[in-house]
Amino acid sequence: MEVGSTEASSSSQGGTGWLDLTLVTCTETVTFTEVVTEEEWGSFYYSFKTEQLVTLWILFIVTIAGNAIVLFSTWRRKRKSRMTFFVTQLAITDSFTGLINVMTDIIWRYTGDFMAPDIVCRVVRYFQVVLLYASTYVLVSLSIDRYHAIVYPMKFLQGERQAKVLIGVAWSLSFLFSIPTLIIFGKRQLSNGEVQCWALWPDDSYWIPYMTVVAFLVYFIPLIIISVIYSIVIRTIWMKSKAQAVIISSCPAFVLCWSPYFLFDILDNFNILPETKERFYASVIIQNLPALNSAINPLIYCLFSNRLCPPFEYRSFTVTLTTL
């Protein structure tokens, strides 16, 4: 297959193991060792290595520790509610995000090059993107469930059937929408000698519509759904309890954590940002932020609990929701 090789966004392409902003077209025969134009500002995986590792380790520790506390709290709770079920699912998803997404990136920063086989590259990228979708869609499922519980309490379906259906749909869509990752990514040798888990496109026109669709599926559509639902919820019952505050607080947290990542990606893909060193430095920082939401969620639970984390008593989860 004849393809070709031009670079569109080098710093973005070398991003974290989430959705690297890659735009590479080909002029040579595609083999296991694709050659990509050398990065202008240096390698993403070797630039600011210490700073990246410090950031990733902090994210990893906060994510794993915080979600472990949440899981322990929900596990020891005798009376399980629908709210507890969703909080548990969200904590599990966030924990996997820390273990698979963040830890993989930490190892990658230490090695510099991608040392595993091509199949591992594709599988790792696939599950990283699955968790990217899942962490968002589980949050959307939680908002839909709370909408039914608060706005239509008389029609609210008792039991866990509806909750399990929502979670099942969230994970199914996550696995489905991530399938293109298995095709797009592969192990490549770059022109600077590095071997990375990289994305290669047959034509540069593919990238912008693809990344636009991803941005809508992961960020804009979930944001619209969550915002509309919580606007209705707030109008229906104004902060009835701390439990409501926990859920409603997740909406601005979602916006604050994801906005820098996707807004930068969109501006970069449409060539709105100038090709400067400052842009590259910003890319290095922003590409490490997708896991931030998984670290923030357990902190929100701690903040709105009756006691601040040490006793692990997340009573706010079931103040009123256990009766719904």
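Here the Cβ of each residue, glycine as well, is placed from N, Cα and C on the backbone.
According to TrEMBL:
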- 54-72: transmembrane segment (TRANSMEM)
- 66-301: domain 'G-protein coupled receptors family 1 profile' (DOMAIN)
- 84-103: transmembrane segment (TRANSMEM)
- 123-144: transmembrane segment (TRANSMEM)
- 165-186: transmembrane segment (TRANSMEM)
- 206-233: transmembrane segment (TRANSMEM)
- 245-264: transmembrane segment (TRANSMEM)
- 284-304: transmembrane segment (TRANSMEM)
Same-chain residues at least 6 beyond the ends of the transmembrane segment (54-72) whose Cβ lies under 8 Å from its Cβ atoms: 87-88, 91-92, 94-95, 97-99, 102-103, 105-106, 109, 285, 288, 291-292, 294-295, 297-299, 301-302, 309, 312, 314
When counting Cβ pairs under 8 Å to the transmembrane segment (123-144), the leader among 84-103, 165-186, 206-233: 165-186
